[in-house]
Each structure stands twice: as C-alpha cells, then as structure tokens.
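Here is the structure we will look at.
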Amino acid sequence: MFTGSIVALVTPMDENGNVCRTSLKKLIDYHVANGTSAIVSVGTTGESATLSHEEHGDVVMMTLELADGRIPVIAGTGANATAEAISLTKRFNDSGVVGCLTVTPYYNRPTQEGLFQHFKAIAEHTDLPQILYNVPSRTGCDMLPETVGRLAEIKNIVGIKEATGNLSRVHQIKELVSDDFILLSGDDATGMDFMQLGGVGVISVTANVAAREMADMCRLALAGQFAEARAINQRLMPLHTKLFVEPNPIPVKWGCKALGLVATDTLRLPMTPITDHGREAVTAALKHAGLL
C-alpha cells in the first residue's frame, strides 16, 4: 500500500469554500478506477494549512467513508506544534487509515535534535505506521539523512516522503536505514529517477489529473521496465513542472476542474485563483499529456 502512485489528493470545495462531498467522491472513484495505490488525505495539496483542526479530521474521515475500503487512505497529520500533531494523529488511531504522513514543523525551524524529538513523540502516541515528510521548499526546514537514520530505528516510523528533488538523498538515506524502510519521492519531476535509484513510489500531485498515467509509470518502473516508464514520464514532464507554475495546489485544482473531476477550483485565502498565464500553462501541459 506504500508503493506505486500515491495521490496527494486535493480537497474539493464548493463556491462558498465548504468541502464538497460530491466532488470528493468523484475524485476517489476516479483514483480507484485508474489504479492509484493509495490516497493521502489533507496533506499540503489537500490545503491542510487553511482547514481548521476539526475540518482536517472531518475530511480524512469523509475520505475513509467514501473510499469504503476500495483504496487505502493515509492521513496527513503534520503540524508545527508537536502537541497538535500528536492530537491529530491520535484522532485516527482506530479510524481505518493505514498510516500517517507527517511533515516537518514549518516556520519555527527546529534543530535536527528538535526534529528527532518531534517525530519520536508523535510515534510514541500511536501504533499507526508513520511516514516522515521532508519538503524544505515549503517548510524552511530540511531534515538531514542522519536524522532520518535515527528516526528509522523507531518501530512504527516506516518510511519517508523525500521532496527535496535532490536525488543524492536516496543513496544517503539508504546507507543509514534498513532495507525495508520505505523511500517515496515527493517530487513528480524527479520521481522516475528516484525509483530507478531504489525508491518504491511517488506521493504525487500530478496523479490528481493523470491517475492512470502515473500508476502505469510507477508500475513499469518498479518492474524494472525503465524505458517504457520513461516514455510515459516524458509525456507527463510538462505537467510535473507546470502544476507548480503557481503555488500548489492552485494549478492542480484548476486542472481537476478542467477535466471535470471537481465542480469548482475554489481555494481559501490566502490562496487565490489561478492567473491567465497559469491557466494557459496548465492547459498546454494537459494537452501534451493527451488529457485534453
């Protein structure tokens, strides 16, 4: 369940900014039908930063309900206060989620020892598998391989979503962890190469609009069929980059709307609607991928 194409799912909203259950079901059905391995609910792409604590939990529970056992659900449970991350994680202890994805604390920029103590404390309050999430471009905090190696010794810390885009991290981390520690790319543009170097999948933004293509690319890469996987990846490369032409999830939410997967591309402030330039860039990338 922690391999292949795992979608970092958008959180669809209606025109008033409320979570849209109808569109959420449509998205989940789309991923079930197109081979996505698992769903991450309420991660960065799911707008965790602009959902209240209560809404955050409610969206994960709604996702579980609508998935109805058809696809594994991973809960995003990150926060920059350790107590809040623990509280979020504990809410899902007996919920049915298969694990938690927990981002490094953002803005307050802890030391490496602070990161170790943060994730250790969370793991001590749950039996759920914990996937670390390192994305310094969003958090201002880079969890170094040595810290990952220390955390990997904790029983229920089972893997990491590495989103630096720095492929040398694969080798650096692999040298410090056991063979069964899960390495997932969090950067679509380098995900293919990440798997060729020993990663086992991608937690993907692109999969929101190209579920089948990402699932096929990951399946082929993990089977060692890299030429075939790379052919798909080349078709998707403009999407991998243009979905970040404006801050995530602005472009991908608009892409979901353009494909009819959600009713609106509504976001909550301070995220604002996609610009004309962004719309043109995403449209061109969707066409290049054969999706429009």
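Backbone N, Cα and C atoms are what each Cβ position is placed from, and that goes for glycine too.
What Swiss-Prot annotates here:
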| type | residues | note |
| --- | --- | --- |
| SITE | Thr44 | site 'Part of a proton relay during catalysis' |
| BINDING | Thr45, Ile203 | pyruvate binding site |
| SITE | Tyr107 | site 'Part of a proton relay during catalysis' |
| ACT_SITE | Tyr133 | active site, proton donor/acceptor |
| ACT_SITE | Lys161 | active site, schiff-base intermediate with substrate |
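Look at Thr44 (site 'Part of a proton relay during catalysis'): DSSP puts it in coil.
Nearest in space to Ile203 (pyruvate binding site), taking C-alpha to C-alpha distance over the recorded positions Thr44, Tyr107, Tyr133, Lys161, is Lys161.
Taking the recorded positions Tyr107, Tyr133 in turn, the residue surrounded by the fewest other Cβ atoms inside 10 Å of its Cβ turns out to be Tyr107. Cα spacing between Thr44 (site 'Part of a proton relay during catalysis') and Tyr107 (site 'Part of a proton relay during catalysis'): 14 Å, rounded to the nearest whole number. Nearest neighbour of Tyr107 (site 'Part of a proton relay during catalysis') by Cα distance, taken over the recorded positions Thr45, Tyr133, Lys161: Tyr133. The secondary structure of Tyr107 (site 'Part of a proton relay during catalysis'), as reduced to three states from DSSP, is coil rather than helix or strand. A distance of 13 Å separates the Cα atom of Thr45 (pyruvate binding site) from that of the residue listed as 'active site, proton donor/acceptor'. Other Cβ atoms within 10 Å of the Cβ of Ile203 (pyruvate binding site), summed over all protein chains shown, number 29. A simple way to gauge crowding: the CB of Thr45 (pyruvate binding site) has 23 other CB atoms within 10 angstroms, across all the protein chains here.
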